[in-house]
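Working notes, structure below.
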Amino acid sequence: MVSMRKVPISFIPICIPLQFNKMPMNANIVQVAKNPKFQIPNSGNVVWCLGIPYIFPPTFLTMALYGYPEESIVPGSDDEVTPAKTAAAQRLKIGTYFVLWWSLNVVFNIYNKKVLNVFPYPWLTSTLSLAAGSSIMLVSWATRLVKSPELDVEFWKALAPVALAHTIGHVAATVSMSKVAVSFTHIIKSAEPAFSVLISRVLLGENFSLPVYLSLIPIIGGCALTAATELNFNTTGFVGAMISNIAFVFRNIFSKRGMVKSNKVGGMNYYACLSILSLVFLTPFAFAVEGPKLWATGWQQASETVGQQFVWWVLAQSVFYHLYNQVSYMSLNEISPLTFSIGNTMKRVTVIVSSIIVFHTPVLPVNAVGAAIAILGTFLYSQVSILIQE
């Protein structure tokens, strides 16, 4: 019997992290199919999410995420691993992460907007998103589906400013989407690099090269053109997206300055702790700003408007918010900064296009041009930054 370690992993649309056998990434689909002992355990090919059973082929999941043990390979046989097979397996793994990341993000944004259209209470909606993720991870730790991290007081102190910035950014983005189209919010949020450079230069005294400053021109110009030509412009929605940009810049700055050591808690557990602390920060403000009376009235009106499916919309947006963030944090351990930046740019494009199609958002040609320029600028900024660091 080959000894194998256990690692946690999540897969769309699984609502809780599952554990699979850790296997070296060195096999192709045919090889895994030949080896029946690498099926997913606990009859776990059927997973219930939002009341719907999903059936996943064990061969695909096993291959896409792990491969299988070298000890079972017979030299000279068809199962012998080659560098080409290993590279192909790695590409499939990265591709799987990207598909998950983009898909989960699109689903979250669609359901989040559906909820906000009939239940315009972004503070509660934001709180439920964090509560769902926190509950999922607490249950996973309690049942040992995921190994709980070893935490101390110093860790939570270091995490506090990061969580506070994350909370502000999350709420501000939700407020924005409650007032304007999803596509508009994401176009304005593509201006985050410009805020990052400005804040780092003014507050931290960091210097940037000329190519970095030049890459900000299309970002600022594209966002300005989009805002000026937006058919359903709303000041609150615009300001919310801008505040979200600033908050997430500070979140990144706090993390980069070593306030949270990545070697202590990383990936899924790090984001879980971030969600839990953000929930602690957000809950009292949600009660103060909106409160149970407004929520009860709004909930009743939403239920009368769209029926019982409203409950499923709320559950979906809450669960998928956690899952897409979880996958993005996990992917950071598997791909390079360059690949991640490309994926992040394409994720935003996917969300914008999908939301326009789903919600039939009216878009003027000049508005579309502005969005394309802003997103291109974001991509150029990420590439220039990485090249300079290298």
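Quick reminder: no glycine exception, Cβ is built from N, Cα and C everywhere.
Keep in mind the model is a prediction, meaning the values are calculated, not measured.
From the options 46-67, 266-287, the stretch TrEMBL describes as transmembrane segment is 266-287. Check TrEMBL against the ranges 210-229, 310-329 and you find transmembrane segment recorded for 210-229. Away from its own ends, the transmembrane segment (369-388) comes close to residues 183, 187, 190-193, 209, 211-212, 215-229, 337-338, 341-342, 344-345, 348-349, 352 of its chain (Cβ-Cβ under 8 Å, at least six residues beyond either end). Long-range contacts of the transmembrane segment (123-142) within the same chain, counting only residues at least 6 positions beyond its ends with a Cβ under 8 Å from a Cβ of the stretch, are 8, 15-17, 112, 115-116, 148, 167, 170-171, 174-175, 178, 268-269, 271-272, 275-276, 278-279, 282-283, 285-286, 289-290, 295, 314-315, 317-319, 321-322, 325-326.
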